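Remarks on the structure that follows.
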Amino acid sequence: MELIVDLGVIFIAAAISGVILRLFNLPLIVAYILAGIFLGANFLGIITDKEIIENLSSLGVALMLFMVGLELSWSKIKQFSKQAIIIGIGQIIATGLVGYFLALSFGYQTIIGFYIALIFAFSSTVIVVKLLSDRRDINSLYGKISIGVLMIQDLVAIVALIFLYGSQDLNNISATQTLALNIVKVFMLVILIYVFKQKLLPIIFKRMAHSTELLLIASIGWAFIMAISSYILGFGLEIGAFLAGVALASLPYRLEISAQTKSLRDFFITLFFVTLGLNVVFDFSQWNLAQIVIWILFIIVGQTLIVMILMGALGYRRRTSFQTAITLAQVSEFSFLIIAIAVSREIITKTLGSELTIIGIISIIISTILIEHIDNIYYRLAKFLKIFEKSSGIMAEDKIKIPAELTDHVIVFGADHIGKQVLESLQKIKHNMLVVDFNPDVIKILSEAGIPSIYGDMGDPEFINALGLERASMIISTTHDFHDNLQLVKKISQVNKNSIIFVMANTPEEAIELYRAGAERVILPSTLVSDLYKEIIINFKKRKRFNIQKEIKTLKQLHQKFFK
């Protein structure tokens, strides 16, 4: 009964905290952590069954990693861009090395420095995916890069955890023995997964796919089988759950499994973050506050600089670099597992473990707030971030010089998704055009197809000034960024009053402001959908079966073409 009361108190506190923080436009993750701190020993201290809550939280971590594994099919791993691999590996190495030497400079032993470097080397897949989903930025350029980098980090983190779980004491056991033992254990685990994946899982899940309930139960059952197997081998529940997800990732039912387990995952995610808050014990007399501040600055500022330098070297614009870097500026859920391992093996003291935990929590809180306001922060810092752009290669000035003969043309901002359809229409009528996109891969494809294109950021005033807007007869923006679209419309209204301007908006209020700034037509997706539904309802009785089938066929063709 005490457990039920504790769970009730936790979720009531999380809900109240969430409502209050939403009034200040702060993310829910922050609310969950603060709810835990408020319920913990530092304030109310009313959670009586803390050990069971922590066990449920550990189960939540395992389930979260199962969901992460579901996204890591072999085909998806092969699709990782070279840039994501370079950024991911480069960030881990750079952050790890800086963190290691910083720890040594604070007087910590080599083994402690190694653990601290691992703790701060990874970013949180769970937090980033949730925040990107809330912002609807999963499919944005920086969102795709961030997810790719996080997947690389997860793979490295899993390998690191396997090594740490398998080595009981790095001070007393030889590295060779540890490595050999872990290789044997991992080999056994991989063989078990491979046999199930190739022979049994496709058959079992095919039989259960007709029922969503059976599919959910089978998925959770499989996750527990692998989690328990991993625990028996000494790797912990989390490793097995992650590998269980990887095994299911190649099945055709992956998306359905992910959707069915989402609510369960959200339940345990809430418990996980509340438990983080519960475990914080404020002991200022024992903490080194100066070091805590330095470590937080290292995670938020230092890691941001590392990622921006790496992305700048690869030729990305400052905006994409900044958005990606801020998105990755926090510690990972793996970090708290590593802290727990280090404390349980007495490699670090409980006081240091508490310090590292509060550092991680503060980094998550700051990061979530920064991500929530990432666009406004960028616009305030944009002029200072110019140093992170390359002055040669794809970023060179000669790349943004517009041919003098290109006049009376259409400039299209954004060539992905909607922009792709616009380009095809312009090609059909054989009208001169110029495409602007800040995804290097998109620009490469367009260049190979012989379509005039420029790699650039429409939010960069210097870049916009070099585009020759005064010579264009029409400008079309397929992006949803209100600030960028508003600045673009104002600029065009100043230099080319005869040009026709088409832009997109997210809300009616944004659309009105864009019209007032000089836009010829503002596309509001929600309005278009509403108009379409009205048309369908009005014409419902007039439609024949043949016409409906014909329309479905057309839509399928468009869908296949769109995602080609």
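Placed from the backbone N, Cα and C atoms, the Cβ positions cover glycine too.
In TrEMBL this protein carries:
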TRANSMEM  6-24  transmembrane segment
TRANSMEM  29-47  transmembrane segment
TRANSMEM  53-72  transmembrane segment
TRANSMEM  84-106  transmembrane segment
TRANSMEM  112-133  transmembrane segment
TRANSMEM  145-166  transmembrane segment
TRANSMEM  178-196  transmembrane segment
TRANSMEM  214-233  transmembrane segment
TRANSMEM  239-255  transmembrane segment
TRANSMEM  267-286  transmembrane segment
TRANSMEM  292-314  transmembrane segment
TRANSMEM  356-374  transmembrane segment
DOMAIN    407-523  domain 'RCK N-terminal'
Same-chain residues at least 6 beyond the ends of the transmembrane segment (84-106) whose Cβ lies under 8 Å from its Cβ atoms: 112-114, 116-122, 145, 148-153, 156, 291, 294-295, 298, 302-303, 306-307, 310-311, 314, 324, 328
Stretch of maximal Cβ-Cβ contact with the transmembrane segment (267-286) [cut-off: under 8 Å; candidates 29-47, 214-233, 239-255, 356-374]: 29-47
Local confidence of the prediction over the domain 'RCK N-terminal' (407-523), expressed as mean pLDDT: 83
Leading contact stretch, 29-47, 178-196, 292-314, 356-374 vs the transmembrane segment (239-255) - CB distance under 8 Å: 178-196
Leading stretch by Cβ pairs under 8 Å, where the reference is the transmembrane segment (53-72) and the options are 29-47, 145-166, 178-196, 292-314, 356-374: 145-166
When counting Cβ pairs under 8 Å to the transmembrane segment (356-374), the leader among 112-133, 145-166, 178-196, 214-233: 112-133
Secondary structure composition of the domain 'RCK N-terminal' (407-523) [DSSP: H/G/I, E/B, coil]: 52 helix, 27 strand, 38 coil
Contact call for the transmembrane segment (214-233) and the transmembrane segment (178-196): at least 3 Cβ pairs under 8 Å, seq gap 6+: yes
Chain residues outside the transmembrane segment (178-196) and at least six past its termini with a C-beta under 8 angstroms from it: 162-163, 166-167, 170, 222, 226, 229-230, 233-235, 239-240, 243-244, 246-247
Intrachain residues whose Cβ lies under 8 Å of the transmembrane segment (6-24), provided they are six or more past its termini: 30-32, 34-36, 38-39, 46-49, 52-53, 270-271, 274
